[in-house]
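For reference, the structure discussed in these notes is given below.
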Amino acid sequence: MSSGAGKVYKVLVVDDSALMRKILVEILNQSPCLEVVDTAGDPYQARDKIKALSPDVITLDVEMPRMDGLTFLRNLMRLRPMPVVMISSLTEQGAAVTLDALEYGAVDFIAKPKIDLREGIEEKAQEIIDKVITAARIPHDKLLLKQQRLQTQHQKAAVGERPQPVFATTDKLIAVGASTGGLDAIRDLLDGLNMDLPGIVIAQHIPGAFSRSFAERLDRRLPMKVEEAYDNAPITMGRVYIAPGEYHLEVVRTGAKYVCRLSEAPPVNRHRPSVDVLFDSIVSAAGANAMAALLTGMGKDGAAGLLRLHEAGAYTIAQDEASSVVWGMPGAAVKLNAADDVLPLEKIAASVKRWYAENPG
């Protein structure tokens, strides 16, 4: 994230809660890279202040009076695309609306705690600062590219009745890790795959209330079965397993099959689920029988794990910088020479299918 280093980014905080506005202003102004230029209590105030102040990034509450945050976001992305970080409640409804917001163009989200708002948010201060700075630094052309991809996705109809999956085990395994921008990237990647592939395990940095909604949403629109991973779940052909938020996902080999293992061990690289934890478990469980892709994301989680997979003989891919919303995790992997191939997102699915065609099992 060196580009834009030294610049001070203008932030507009949009939230109907005066307390939340106050807390966010205090947190964001702690960073020398950020300046909160104003706040707005509803989308109509926000619209006027965006015109007057031209902020670099806005934080936007999902639930607001007069016009809900989702409607405002859709209008904003249609008329004036800009980086938006959503502020969402940790509820099932909040998760569903936030996933909608990411599909309509929001870059990332921050989950509000259900209780003890001030203490809970202040514990996330560094995460909030990092996410807002990361969003502000996204080039305008990448925002436009994201919008184009989303429009293409919206034009695709939901899947009809899917064929029954074959509950067959396999020697092969596919792993994916992602963070910021990863929800869109994972959806696009899976959209290019099919049921005739080994089981796919995914670690995406996501809170607990969101992972199930994300898995259910993918399951409705993709031909393969997508589910939130559970402890001892057998990993079978044509199925996708999403790590549940607040749990590490590991893969272990039991006899002739792979199974999921969940753990509440401490966060790794500040994350649980951690991509490194998933990848490291696959080094032991599958080694050269695996392939792994590290997609867009902030930080370096997964880079060291991808290197260890590479050294174990697995086929490894890092998403390229041009197609990544944030080239943190895959960029760190490239610096470690952990990737066999560095590919744009739209070419990764074809490489996964080619790898399996050349290495069936």
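Glycine is treated like the rest: Cβ placed from N, Cα and C.
Copied over from Swiss-Prot, here are the features:
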| type | residues | note |
| --- | --- | --- |
| ACT_SITE | SER179 | active site |
| ACT_SITE | HIS205 | active site |
| ACT_SITE | ASP301 | active site |
| DOMAIN | 10-127 | domain 'Response regulatory' |
| DOMAIN | 167-359 | domain 'CheB-type methylesterase' |
| MOD_RES | ASP61 | 4-aspartylphosphate |
Other CB atoms within 10 A, centred on ASP301 (active site): 29
Mapped DSSP class for ASP301 (active site), helix or strand or coil: coil
Mean of pLDDT values spanning the domain 'Response regulatory' (10-127): 92
Number of other Cβ atoms within 10 Å of the Cβ of HIS205 (active site) across all protein chains: 27
